[in-house]
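Below: the structure, in structure tokens.
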Amino acid sequence: MPVDFSGTWNLTSNDNFEGYMVALGIDFATRKIAKMLKPQKVIKQDGDSFYIHTTSTFRDYLLQFKIGEEFEEDNKGLDNRKCK
């Protein structure tokens, strides 16, 4: 049985987050907004399936995926990256 990561997770610090976002090529305005946020993640794990709901004062975001299966994540409206 895999470890269950279900629960509510709160950001407590974001050391060097600005440098990380610069390295990703995130624009200036988005970096300034993101730096001020303290998002909360609610993770629901059902075996190998994950549902991660991120909430903040700026935006809510839902990510769903299954371990071992490739998926595409479109971060439109967040940092505008597409990831696999």
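Positions of Cβ are set from backbone N, Cα and C atoms, glycine also.
TrEMBL: automatically predicted annotations, no manual curation.
Annotated domain 'Cytosolic fatty-acid binding proteins' per TrEMBL: 7-24, in sequence order.
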Could you tell me the mean pLDDT over the domain 'Cytosolic fatty-acid binding proteins' (7-24), as a whole number?
92
Structural state census, the domain 'Cytosolic fatty-acid binding proteins' (7-24) (DSSP three-state):
8 helix, 4 strand, 6 coil
